[in-house]
Amino acid sequence: VGFKAGVKDYKLTYYTPNYETKDTDILAAFRVTPQPGVPPEEAGAAVAAESSTGTWTTVWTDGLTSLDRYKGRCYHIEPVPGDENQYIAYVAYPLDLFEEGSVTNMFTSIVGNVFGFKALRALRLEDLRIPAAYAKTFQGPPHGIQVERDKLNKYGRPLLGCTIKPKLGLSAKNYGRAVYECLRGGLDFTKDDENVNSQPFMRWRDRFLFCAEAIYKAQAETGEIKGHYLNATAGTCEEMMKRAVFARELGVPIVMHDYLTGGFTANTSLAEYCRDNGLLLHIHRAMHAVIDRQKNHGIHFRVLAKALRMSGGDHIHAGTVVGKLEGEREITLGFVDLLRDDYIEKDRGRGIYFSQDWVSLPGVLPVASGGIHVWHMPALTEIFGDDSVLQFGGGTLGHPWGNAPGAVANRVALEACVQARNEGRDLAREGNEIIREAGQWSNELSAACAIWKEIKFEFPAMDTL
């Protein structure tokens, strides 16, 4: 057959409603808003084409390869109920399109140029199904939930953290003092804020030293293993690794990375170093809302969460459901399960478009953080369960008596909620009562209860199904 030049509709090649998906295909669910006059089949096919083998015109080199083997296929389209002119387009990608063990390459293909495509008014990647064959090419989290519990020797309850505030402006010595007060009061972890890197008021090496001193002092006093998320994020990968190496030399248990601003390549390198050297890795999702907050354009956070589990991290921030940041309960629980569990069943009610089998890739602890305090503790314990990290920044440091009493209040509240739950009480219904009862035995908790009882951050969530 001679080569036929010219432009032809994408749907002639890339829309294949009869296609049977393979176990090895990467499957994607896109929310597509076509421009007026563009049929949904053409829009879905355009997404499949531009994110795989296609370009805008027929090229003679198409004849040198097997398009049938390598092309992405739009295999199903359904309208979004209640949304005029929006469709969910399902696309299957052959596994050979992707480099093994590279989240970077996977995203460059699937969410690359296609998002600027003229035929589409908007495009959002709602979910990805990672096939077992591809998941097995990733190391994933450096350690995972069980190994972390064993390292820390802490079982049967969520872990407690605190972000040190004010996030910017403290000297290293004062910062270390704040860390020590929180840890000795009963927290498991304290945390560098995401934008604490190495600024003129506090260089990274000084901070690492004073925080390590605080950790060792608090451990000696309490007999518990403590940690501080030392933020290794830096301007270059080499500098980031240098910071991680120094943390390991200090003998601390955990470092931290901003995975979206730092990038997946840097993150995967750091995760591999952490596994080889026994460091836990805490992941902050700074910049995620730029990508995931718009309902009809961007990438849903559940996809960013899956990508992080592949790239590697032991903790990741996952919203609170009850605090000051976005998050709708069922949807949040959907991606919390995707982070922790080995197998997750398809469940459109929770926004999960595909069943996902992680084939024993270690799990990630979800971190609830942002505007939460002791009155939220029963709800958080119920929603997130034991395998989570609950982080109270202002909710610890804002205590009227200072950091250590703030930490005591949180620890008492948590222990009370876990005990009540284990006794069979209903945290959702009796939560306030449980906290009040515990406050009778803890002056620190009752002082915290008095200061925060009226606080609410209640706006309707943007992220609905």
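Just so you know, the numbers here start at 1 and follow the chain as drawn.
Each Cβ is built from the backbone N, Cα and C atoms, and glycine gets one as well.
Of the residues H315, H317, H399, Swiss-Prot places H317 in the same substrate site as N113, T163, K167, R285, S369.
With a cut-off of 8 Å between CB atoms and residues at least 6 apart in sequence, the same chain places E194, N231, M256, H257, D258, Y259, I316, H317 near H284 (active site, proton acceptor), listed in sequence order.
Same-chain residues at least 6 positions away in sequence with a Cβ under 8 Å from that of K4 (N6,N6,N6-trimethyllysine) are, in sequence order, T58.
When other Cβ atoms within 10 Å of the Cβ of K191 (Mg(2+) binding site) are tallied across all protein chains shown, the result is 29. When the alpha carbons of K167 (substrate binding site) and D193 (Mg(2+) binding site) are compared, the span between them is 6 angstrom.
Within 10 Å of the C-beta of T163 (substrate binding site) there are 24 other C-beta atoms, taking all protein chains into account. Geometry remark: D193 (Mg(2+) binding site) versus T163 (substrate binding site), CA distance 6 Å.
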